[in-house]
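Engineer: Starting off with a structure, shown below.
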Amino acid sequence: MSKSAKLAVLGSINADHILNLAHFPRPGETVIGKQYQIAFGGKGANQAVAAGRAGADIAFIACVGADDTGERIRQQLAQDQIDTSPVETIAGEATGVAMIFVNGDGENSIGIFAGANAALTPACVERHQQVIKDADALLMQLESPLESVLSAAKIAHQHQTQVILNPAPATQLSDELLALIDIITPNETEAEILTGIAVKSSEDAARAAGALHEKGIGTVLITLGSRGVWLSEQGNGQHIPCFRVEAIDTIAAGDTFNGAFITARLEGQAVVDAVHFAHAAAAIAVTRPGAQPSVPWRAEIDAFLQQQG
Ligand code: ATP
Ligand code: RIB
């Protein structure tokens with residue numbers, strides 16, 4: 001694959017309302033926040049931005065509402081080097097929203113209103129099928145209707161477009177969908193929901209990866225937060241640690257990892273090198289607040305890697 005290999009990302013766009021507080025409110029409790037910001041997010045958009053800023057040739061299939069937020073997000077995506085022609089504006093719908101609490105340990109808890117993201121139907125996928133056919137890889141997540149993810153995976157599979165799925169938020173998936181995936185990137189929770197195997201050790205990760213290989217997926221990358229990833233290719237597994245940084249907010253760490261990883265793969269980097277590149281991008285992201293505001297540009301990732309030797 002060359003530098004001009006094309007990426008299609010299909011997924012969600014949200015306006016993130018982020019409230020930092022000392023601890024998560026318990027049922028019935030009110031906690032006074034320390035800081036509040038609205039920033040652009042959504043797993044699909046975050047991954048598209050991570051790829052765009054890392055240098056991918058990328059088009060994004062998504063939906064925004066016919067509101068001011070949707071228009072501003074579309075403009076920002078274009079500035080992030082993304083072809084937004086497959087981003088539809090849905091009349092009568094609001095742009096998706098995520099309400100995010102971040103506690104004093106930098107952990108987050110998220111509630112979502114899909115809004116216009118629900119309009120990313122199989123019919124919408126069909127309208128943009130040429131983008132998928134023309135791409136070398138299709139990257140998706142699960143904040144879009146599942147039947148649309150399946151339709152897109154089928155189109156990609158039929159046209160030799162590699163399918164990479166970040167199965168977040170966690171849910172069980174059909175064998176039909178899993179069989180169409182080339183690379184899957186669950187975190188530990190998602191891996192457990194997909195396989196029934198709790199990932200507490202390398203042995204568990206190897207078994208969970210094995211269960212996903214049995215469904216027909218060649219490459220499994222289980223992300224382990226600050227411990228890095230478990231990479232398993234056709235059953236050959238290894239732990240690849242990530243960089244040690246002072247994490248302040250892990251929102252979009254996984255999204256940055258995914259967008260950067262597939263960008264590096266499409267440049268022809270070996271899988272292990274692409275994981276290092278993605279670890280660097282995600283390490284930078286966790287040192288900054290918010291989703292898209294935290295995603296680094298290529299020059300920042302290259303400088304970080306150089307510094308780390
Ligand atoms: P999120 O839902 O918070 O976006 P996730 O659960 O999908 O993330 P994680 O497994 O938490 O994904 O992390 C993905 C990658 O981000 C890790 O493999 C690593 O590269 C990077 N990362 C996450 N947390 C840290 C950290 N504390 N320090 C350095 N890198 C981190
Ligand atoms: O992965 C982080 C994202 O999840 C946030 O940007 C929020 O929009 C939710 O979709």
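Placement of Cβ uses the backbone N, Cα and C atoms for every residue, glycine included.
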Engineer: TrEMBL has ASN14, ALA15, ASP16, GLY42, LYS43, GLY44, ALA45, ASN46, ASP255 down as binding substrate; which of GLU143, GLU147 does it also list for that site?
Structural biologist: GLU143
Engineer: Kindly point out which candidate in HIS213, HIS276, HIS279 is recorded by TrEMBL as part of the ATP site with ASN187, THR223, LEU224, GLY225, SER226, ARG227, GLY228, GLY254, ASP255.
Structural biologist: HIS279
Engineer: For ligand 1, pick out the binding-site residues ASP16, ASN187, SER226, GLY228, SER294 that have a CB under 6 angstroms away from one of its atoms.
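Structural biologist: Going through ASP16, ASN187, SER226, GLY228, SER294 in sequence order, those close to ligand 1 turn out to be ASN187, SER226, GLY228.
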Engineer: Just checking: which of ASN187, GLY228, ASP249, ASP255, ALA285, SER294 have a Cα that is within 10 Å of the Cα of LYS43 (substrate binding site), counting only these recorded positions?
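Structural biologist: Within 10 Å Cα-Cα: ASP255.
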Engineer: For the recorded positions LYS43, SER226, ASP255, SER294, which residues place their CB under 6 A from an atom of ligand 2?
Structural biologist: LYS43, ASP255
Engineer: Please report the Cα separation of SER226 (ATP binding site) and ASP249 (K(+) binding site) in Å, rounded to an integer.
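Structural biologist: So the Cα of ASP249 (K(+) binding site) lies 12 Å away from that of SER226 (ATP binding site).
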Engineer: Rank the binding-site residues LYS43, ARG288 by the number of other Cβ atoms within 10 Å of each Cβ and report the first-ranked residue.
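Structural biologist: That would be LYS43, with the most Cβ atoms nearby.
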